[in-house]
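Here the structure is laid out as structure tokens; the discussion comes afterwards.
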Amino acid sequence: MLLLPLSVLLLLTQPWRSLGAEMKIYSQKTMANACTLVMCSPPEDGLPGRDGRDGREGPRGEKGDPGSPGPAGRAGMPGPAGPIGLKGDNGSAGEPGPKGDTGPPGPPGMPGPAGREGPSGKQGSMGPPGTPGPKGDTGPKGGVGAPGIQGSPGPAGLKGERGAPGEPGAPGRAGAPGPAGAIGPQGPSGARGPPGLKGDRGTPGERGAKGESGLAEVNALRQRVGILEGQLQRLQNAFSQYKKAMLFPNGRSVGEKIFKTEGSEKTFQDAQQICTQAGGQLPSPRSAAENEALTQLATAQNKAAFLSMSDTRKEGTFIYPTGEPLVYSNWAPQEPNNDGGSENCVEIFPNGKWNDKVCGEQRLVICEF
């Protein structure tokens, strides 16, 4: 009962402005909990009293249900890198990626072992002549040559001194006695008597001056021969190089024979005419070496070529253009067979074997010089 008069007293002592605010706050608080100030009986017509002091904190309630998650915050700054972990197990192989660009070429490897020698390639065209090489060193002095021919006799030596006089000859015959006369002057000498006996040989005269020796002429001749031999050797070397150049690439040399082709194909008669106009003839191989040279030319052109032999004079008997019988042959098996009855000429295959052939067909032209 005392609370109500005290509350009224407090209200009367407050200013009116603050009283309105107090009333609003009070009404809000009393609405939240009407039993905070007055617990015993309902209010009467009097004004509510001031708020009492807050009571002690009640017991903690049960944990409520978790609220709905809030929106994700922005990612923070990356933290420092942690220590390197242990190597994990290898993962399964992924699908092959696209082919990368070709890398730069690597350094050249060590040269491999030499391969087997391949077949001879087709000869290239003749290159330009090379420049003459430097003059070679003087060769060693040659040995003593054979003795030269005897020189011509030297001029006669000087005339020797006159030898000693010979012995007096025998007295001549007495003249006919003259008439006795006065003693006149001495008469002329009588006729000369016959020659006396040959006197002894006089002493040898002095040795004449030495004549010119024939050895000088021999030495001069040897020197000229040596010069000619050197010139001949240089000429032979130059000719050998020239011959090799002329034969490259479509020629071969065997001994004193030269085989050359320009690659054209003609009938037997036309081929004969071409070779004759060039100063040669169709080839007549007389040995395995000559046949091998022709084989190389046929192989380089990959064509069969005509040879000079034929059996037009006597069927089955092949002879050279000179009429001589063959001294060498290299027929293919079961050849010559005169197939068709008109195979009177001979061709050489790129493998070197021979075959009788119709003369009117065209084959590679090779000329022999």
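For all residues, glycine too, the Cβ spot is worked out from N, Cα and C.
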> Between Cys40, Cys359, Cys367, which residue forms the disulfide that Swiss-Prot gives for Cys275?
Replying inline: Cys367
>> Let's see if you can do this one: DSSP helix, strand and coil counts over the compositional bias 'Basic and acidic residues' (47-65), in that order.
In response: 0 helix, 0 strand, 19 coil
> Pro96 (4-hydroxyproline) to Asn90 (N-linked glycosylation site): how many Å between their Cα atoms?
Replying inline: 16
>> Between the Cα atoms of Pro78 (4-hydroxyproline) and Asn90 (N-linked glycosylation site), what distance do you get, rounded to the nearest Å?
In response: 27
>> Return the count of C-beta atoms lying within 10 angstroms of the C-beta of Pro96 (4-hydroxyproline), excluding that atom itself.
In response: 6
> If you draw a 10 Å sphere on the Cβ of Pro78 (4-hydroxyproline), how many other Cβ atoms land inside?
Replying inline: 6
